[in-house]
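*Asks:* Heads up, here are the entries from TrEMBL:
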{"type": "ACT_SITE", "residues": "Lys206", "note": "active site, proton donor"}
{"type": "BINDING", "residues": "Leu11, Gly12, Cys13, Gly14, Val15, Val16, Gly17, Ser18", "note": "NADP(+) binding site"}
{"type": "BINDING", "residues": "Lys106", "note": "NADPH binding site"}
{"type": "BINDING", "residues": "Glu191", "note": "L-homoserine binding site"}
{"type": "DOMAIN", "residues": "352-425", "note": "domain 'ACT'"}
Amino acid sequence: MRTRPLKVALLGCGVVGSEVARIMTTHADDLTARIGAPVELAGVAVRRPDRVREGIDPALVTTDATALVKRGDIDVVVEVIGGIEPARTLITTAFEHGASVVSANKALLAQDGAALHAAAEEHGKDLYYEAAVAGAIPLIRPLRESLAGDKINRVMGIVNGTTNFILDKMDSTGAGYQEALDEATALGYAEADPTADVEGFDAAAKAAILAGIAFHTRVRLDDVYREGMTEVTAADFASAKEMGCTIKLLAICERAADGASVTARVHPAMIPLSHPLASVRGAYNAVFVESDAAGQLMFYGPGAGGSPTASAVLGDLVAVCRNRLSDATGPGESAYAALPVSPMGDVVTRYHISLDVADKPGVLAQVATVFAEHGVSIDTVRQQGKDGEASLVVVTHRASDAALTGTVEALRKLDTVRGVASIMRVEGE
Ligand code: HSE
């Protein structure tokens with residue numbers, strides 16, 4: 001057992017950072033035994049030094065994060081400040097000055113993961129970021145290490161707790177979107193500005209990271225198709241129920257059937273109640289992985305919060321410290337497959353389309369003809385008429401998103417189609 005401690009610099013001491021510091025103290029003996037050397041909190045960079053930070057020696061607190069990562073005696077920098085800058089510069093500076101990095105920064109990894117991995121490799125250091133995707137749930141290392149001998153074909157997950165809380169509330173109470181969002185805000189599940197969550201930006205960053213690791217290829221945030229969930233209505237949930245489904249905001253990363261390309265997308269979708277993801281309630285996250293040899297796997301747990309996210313950070317910290325002691329590094333970026341990321345139009349799935357139409361002879365035939373002309377095969381049609389108007393619900397067989405988009409554009413041009421009330425993809429069947 002080495003007695004000289006490994007020195008850790010903590011960048012950020014908010015909800016996650018303060019939990020990391022707390023667990024480092026309360027679990028110090030176990031961490032020492034597991035790593036093979038003590039770990040010492042050598043500095044904590046914060047924006048507001050005046051805030052009381054229970055359990056942290058005030059002498060360790062600094063506002064000069066740059067000086068901290070440049071010290072030269074730091075073994076591991078833990079970055080939990082989030083955002084692109086100054087996090088990116090601090091991480092690269094940390095590598096240049098001999099430290100490995102543990103980060104929880106999904107936005108940065110989704111945007112600049114390749115450059116950061118290259119910087120880590122250039123300096124022979126580790127870059128670990130288990131906490132960047134789905135909080136406490138072990139995903140990055142299972143995909144990167146445990147499944148390294150398998151071939152992953154699809155990763156489909158609920159990777160945003162705020163939106164899952166809102167959708168679950170709508171499902172269980174019949175509430176509309178705004179009412180459910182208001183409750184999520186009041187309970188602290190949604191931020192005052194919920195845009196990043198409800199518009200799918202947060203989930204898209206996580207999808208980019210997961211797709212890149214799962215398919216050994218580079219997938220950036222810009223490659224991920226994104227649709228938020230603000231348009232989902234109580235009527236959509238009623239339709240979903242009639243089909244034996246619920247609605248979830250899903251991040252879906254897929255290898256094309258021919259294996260030559262991949263896609264990554266985030267959007268609300270209907271999934272059958274029998275699918276394991278349908279039972280993920282409240283603010284929980286879960287990721288369903290399908291691979292050649294293992295078959296189907298599901299990873300489930302809390303996807304946010306100080307303590308769960310700190311659990312993932314601490315797991316990385318132990319791994320990186322062990323690597324330091326054996327003068328090794330863990331696996332870096334694996335992008336050898338270099339598969340192109342196909343546009344959304346190439347995605348093939350099923351669709352649930354709800355139309356408001358005139359209730360008169362020939363309308364159903366007209367609508368069916370438009371589907372046929374675009375090569376989209378209809379699975380079921382359900383019609384409910386009232387006072388000369390009708391609601392027509394069409395569920396299709398599998399078709400490309402491009403074909404479905406063409407179909408909907410043509411439907412909108414029909415005089416007898418008063419409006420397209422909703423289009424929802426149907427996944428997980
Ligand atoms: N806002 C995110 C969520 C937190 O609701 O899941 C974790 O990224």
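Cβ from N, Cα, C; glycine included.
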*Asks:* Of all the binding-site residues given, Gly12, Cys13, Val16, Lys106, Glu191, which has the fewest Cβ neighbours within 10 Å once its own Cβ is left out?
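*Replies:* Lowest Cβ count within 10 Å among the binding-site residues (Gly12, Cys13, Val16, Lys106, Glu191) is Glu191.
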*Asks:* Taking each of Lys106, Glu191, Lys206 in turn, which of these recorded positions have a Cα lying within 10 angstroms of the Cα of Leu11 (NADP(+) binding site)?
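*Replies:* Those near Leu11 (NADP(+) binding site) - Cα within 10 Å - do not exist; the answer is none.
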*Asks:* If I restrict to non-local contacts, at least six residues apart, and a C-beta distance under 8 angstroms, what lies near Val15 (NADP(+) binding site) in its own chain?
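*Replies:* Listed in sequence order: Gly305, Gly306, Thr309.
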*Asks:* My understanding is the cutoff is Cβ-Cβ under 8 Å with a sequence separation of 6 or more in the same chain; which residues meet that for Gly17 (NADP(+) binding site)?
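*Replies:* Expected: Leu10, Leu11, Val44, Val78, Val80, Ile81.
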*Asks:* At a 10 Å cut-off from the C-beta of Gly14 (NADP(+) binding site), count the other C-beta atoms across all protein chains.
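*Replies:* Excluding its own Cβ, the number within 10 Å is 15.
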*Asks:* Could you please provide the mean pLDDT value for the domain 'ACT' (352-425)?
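*Replies:* Here the mean pLDDT over the domain 'ACT' (352-425) amounts to 95.
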*Asks:* Once Leu11, Gly12, Cys13, Gly14, Val15, Val16, Gly17, Ser18 are set aside, which residues in the chain still have Cβ within 8 Å of the Cβ centroid of the NADP(+) site?
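*Replies:* Sorted by sequence, the hits are Leu10, Glu19, Val20, Ala21, Val46, Val80, Ile81, Gly306.
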*Asks:* Treating G and I as helix alongside H, and B as strand alongside E, what does DSSP give for the domain 'ACT' (352-425) in helix, strand and coil?
*Replies:* 24 helix, 35 strand, 15 coil
*Asks:* In terms of DSSP three-state secondary structure, what is the assignment for Gly14 (NADP(+) binding site)?
*Replies:* coil
*Asks:* Do any residues at least six apart in sequence from Ser18 (NADP(+) binding site), in the same chain, have a Cβ closer than 8 Å to its Cβ, and if so which, in order?
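*Replies:* Correct list: Arg53, Glu54, Ile56, Gly306.
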